[in-house]
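*Asks:* Dumping the structure here so I can ask a few things about it.
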């Protein structure tokens, strides 16, 4: 069952919004509308549904309207047109009292720059939502403490925000949002202000929490890695418009249009990850010393279906497969050269992730990373996928 | 060429207006003049009745406390207040202090709500800003004239003139302080379902506090300068000593009374500033 259903939601900033909406209907672009009416289109006819317990990521570059869109959901920004249904109620049309009730009980928000109240202690910050609801001091402290415990800040309740690191501050932001026990969490670039390692920790933690909480999360980000890591579904925005909604796989494999495709590629390139980052030390055999029997033995030990063959100077010669090697052993062939395959998929250590992806796609064996004919390492499919999802694993493998 | 129209009777109009206001609101002005005047007399008399040594000790102790356990301000207060006592201006000091405290408190009570109003409404801001400019740029002496018309002479018209002159900084700084509260914090309080007054009291005013305190500091200092000028319409205090010294060309007496005002100004200024930094921490 969908918790939030958004239909034709639009926001036009400016005075002549009616005219601008008319032009939008005629399919005019954002620039044309700005020129003709002086209005800026923030969000253009967004429609989507978010299921209960789903992590729905809205991704786009800056200026794509994603932050506006999330603010339309809880009406921090008044929609120009369209509906936001939460439990059959159209938030875009309800009166102030109902809106306030929904904000207090059903939707909480986590902000990019944390938006903690500097004059309040951590506990008082976490209590804020409950205090607004007029809940008794004792009960709200108890709930706020529980939610601070949940994010691992139970010992910091009497500190003040400026005494905590960025990551911890955002935990407080999260705890403040969770203390209300909302159905929906709106997270506006919640982790974007954190440095990469902390960001990854927070993503992990959010996923862990989500396991047990099963909240409906709407997560805004400009970071494809982040979107892929945490999103059950991803909506891609451009110029205020949602250009594609789909699972991470769908977005990567079937980009809906050129924009999405470029986005996916750009992100790959921007990661500056190359073969060097994700290769592993290979198990190899020496063609000058070993025969099929040794090859088979090593493959069995390492659990491989093929193995790379080098000479004593680690010059890459080719690979043998387990099938060929056992065939050779049966037929008493001693010379590896007879079963050596030389159609090796190779890349250099500077090959980008995107290009590796193309090579590994059609390759039955791991890719060899070669420099001046010497084998430096191999890349297995799993490493590529791990690298696509987040750089963290790659660094660990590398270490 | 420029005489295409006879002189516009602005002065006559203002006089007429002042008369009208005096007549129409005399039912209001007279009790204020009497009751409020009596109240201020009582406050000043009570302050004067406290033995000076006790006042000095209390002020020094407070100074020590507000300046974060430092001795500078406390020492200055002791020496400064003693000097005023030594010169025989203690009672005048108490009158001036009464005037400053009462007019500052009233300025803040009136100024903060107007500042809040301005911060919440662009229209209010557009209307109030020029009025504040007018209030601050008009020579302070001009306010003394209607003040006398409304409240005759004494402390009450002094407070009235001081209100007009000293309230603007509090209004301006309150407006500024609230408008400067970061947008994300305001959004956060709204996103959790705050009502307007919850937002104001739990987020905006606490966040704007130090800016508002800076405005209040200005207001207090302007009040002090105004109550000195108000001696011209019979407000008692150190200002009156300066005035009478001026009229009799007594350089020495005028200087000593002036020093008394300076000492009071410094103590009040440091007190309000320190209160502000103390709050900020």
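Cβ coordinates come from backbone N, Cα and C, glycine included.
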*Asks:* Ranges B:5-31, B:140-166: which does TrEMBL label transmembrane segment?
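*Replies:* Matching range for transmembrane segment: B:140-166.
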*Asks:* Quick one: which of B:73-90, B:181-198 does TrEMBL have down as transmembrane segment?
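*Replies:* Among B:73-90, B:181-198, the range TrEMBL annotates as transmembrane segment is B:73-90.
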*Asks:* So which range, B:200-219, B:220-239, gets flagged transmembrane segment in TrEMBL?
*Replies:* B:220-239
*Asks:* Which listed stretch (B:49-66, B:73-90, B:220-239, B:251-268) has the most C-beta pairs under 8 A with the transmembrane segment (B:96-119)?
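*Replies:* It is B:220-239, which has the most Cβ pairs under 8 Å.
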*Asks:* Within the same chain, where does the transmembrane segment (B:140-166) have neighbours whose Cβ lies under 8 angstroms from its own Cβ atoms, ignoring anything closer than 6 residues to its ends? I mean 6 or more beyond.
*Replies:* 18-19, 21-22, 25, 29, 32-33, 36-37, 40-41, 44, 95, 98-99, 102-104, 106-107, 110, 219-220, 222-223, 225-227, 229-236
*Asks:* Go through the chain and flag residues at least 6 beyond the ends of the transmembrane segment (B:220-239) whose CB is under 8 A from any CB in it; none is fine as an answer.
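*Replies:* Beyond its ends, the transmembrane segment (B:220-239) has Cβ neighbours at 44, 89, 92-93, 95-96, 99-100, 103-104, 107, 140-141, 144, 147-148, 153-155, 157-159, 161-162, 165-166, 169, 257, 260-261, 264-265, 268-269, 272.
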